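Participant: Questions regarding the structure given below will be posed in turn.
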Amino acid sequence: MAEQDTFLYALSSNNAWAGYKSHQNPEFFPKLASGQSPKILWLGCSDSRCPETTILGMQPGDVFVHRNIANIVSPTDINTSAVIEFAVVYLKVKHVVLCGHTGCGGAAAALSNQRVGGVLDTWITPLKAIRNANRQELDAIRDDKARAVRIAELNVQKGIEVLMANVTIQEAVEERGLDVHGVLFDIGTGRIRDLGFGTRKQGAGGASADEVVRGRHATLVFRGGNASMKITR
Amino acid sequence: MSDQDISKYLRETHDRVFEHNKAWAAEQTAKDPEFFAKMSAGQNPDYLWIGCSDSRIPAEVITGLQPGETFVHRNIANLVCNTDLNVMSVINYAVRHLQVKHIVVCGHYGCGGVKAAMTPKDLGLLNPWLRNIRDVYRLHEKELDAIPDEEARYNRLVELNVMEQCRNVIKTAAVQQSFAKNQFPIVHGWVFGFHDGLLKDLEIDFKNVLADIQKIYNLTD
């Protein structure tokens, strides 16, 4: 598609989508305008192949979102911290989901010995630190793709540690049972895998209680390492 | 629903693991058998989307763009601050490495971040982040003060905030240098309205704004 075509396409496609949505359900937009009460805060990668609402099969109003390069959670990053504060304290989301993915450019950059340039080297410092701390394990993986997947998993693990050390999150976990999940999106299959980090560790302490998240338009059920979903409208 | 009903419901829906996700994956494969193979091969998005974290504005859903077409950064009130390494890294990567053709800053009417910023209240950790919106108000104090209707005034602040953040995008070295060399990316300001689901293009005159900005913020050699 030519450049300007893509641009015009997005605007005209929005027009068509808005028309379709309000035809399908005249209350859709008035309801949206009345406010948001998302149950999920999604912390993911900016990568264009990881559109959270689409891959979760959810609708506008269901997922509060922050996406950055390589889904890095740094304790002193004011951008991510402000999102967490707003979502956890004011919107009172029920779940925080940190999602890494296969084929991450940031992971590849952290595994290489070259400078990326500009501000990016500073941004991926936490990933570089993960690489250095796990050099032996990572270097032993022969396949480049598999190595990038492994560092992406370790990055989610580290990010969950940072989240669990966040005072706002700690208080919400304590006071109202906020759940924190670490997952990985496989771009090659479109599936999300629960890595079992966070508040409900996979396999630990037998079967955990099933968790039902009722979004505005769908119901998502977490059971063990799996999730199922039903569109409610 | 009682707990029993819920667990019955759970049994019924169990094994429908990511059913919708599966259906979506199957649909993509039916349309294009190479879809996921191509996705795995890498991304080549034309767009960088800088939007609000608000759950009601998933970029790909409201624009109809497919996975792989839009690189996305979303934060509270779609702000672009020059000392924020998070958003600066996103712009840098999108422009220099992915060579996006368009950068869209998309705000929305009724933005909770903009409202919170204008509320006389100590919001703790949110203060330093939301302060940027008060600065936008100060830049346009006269115009905004002259709007008697509160909602209309907020809506105008939302638009002015989007335009200011577009300027902040244009102030970056990555954008200025790429445009000098390639004639892209172009920076756009959009606002999403919940009442009708439509995107409004603020029609920023990119070349003139760029020239204006470069009087002071020129980072091209």
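Each residue, glycine too, has its Cβ placed from N, Cα and C.
Heads up, here are the entries from TrEMBL:
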type	residues	note
BINDING	A:Cys45, A:Asp47, A:His101, A:Cys104	Zn(2+) binding site
Participant: Using Cβ atoms and a cut-off of under 8 Å, determine which of the binding-site residues A:Cys45, A:Asp47, A:His101, A:Cys104 neighbour chain B, and list them by sequence position, or give 'none'.
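Facilitator: Near chain B - Cβ to Cβ under 8 Å - we find A:Asp47.
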Participant: Might you list, by sequence position, any residue in that chain lying six or more from A:His101 (Zn(2+) binding site) with a Cβ less than 8 Å away from its Cβ?
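Facilitator: In sequence order, the residues whose Cβ lies under 8 Å from that of A:His101 (Zn(2+) binding site) (at least 6 apart) are A:Gly44, A:Cys45, A:Asp47, A:Arg49, A:Cys50, A:Asn71, A:Ala152, A:Leu184, A:Phe185, A:Asp186, A:Ile187.
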Participant: Relative to the mean position of the Cβ atoms of A:Cys45, A:Asp47, A:His101, A:Cys104, the recorded Zn(2+) site, which additional same-chain residues have Cβ within 8 Å?
Facilitator: A:Gly44, A:Ser46, A:Arg49, A:Cys50, A:Ala70, A:Asn71, A:Gly100, A:Thr102, A:Gly103, A:Gly105, A:Gly106, A:Ala107, A:Ala152, A:Phe185, A:Ile187
Participant: Over all shown protein chains, what is the count of other CB atoms within 10 A of the CB belonging to A:Asp47 (Zn(2+) binding site)?
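Facilitator: For A:Asp47 (Zn(2+) binding site), the count of other Cβ atoms within 10 Å is 26.
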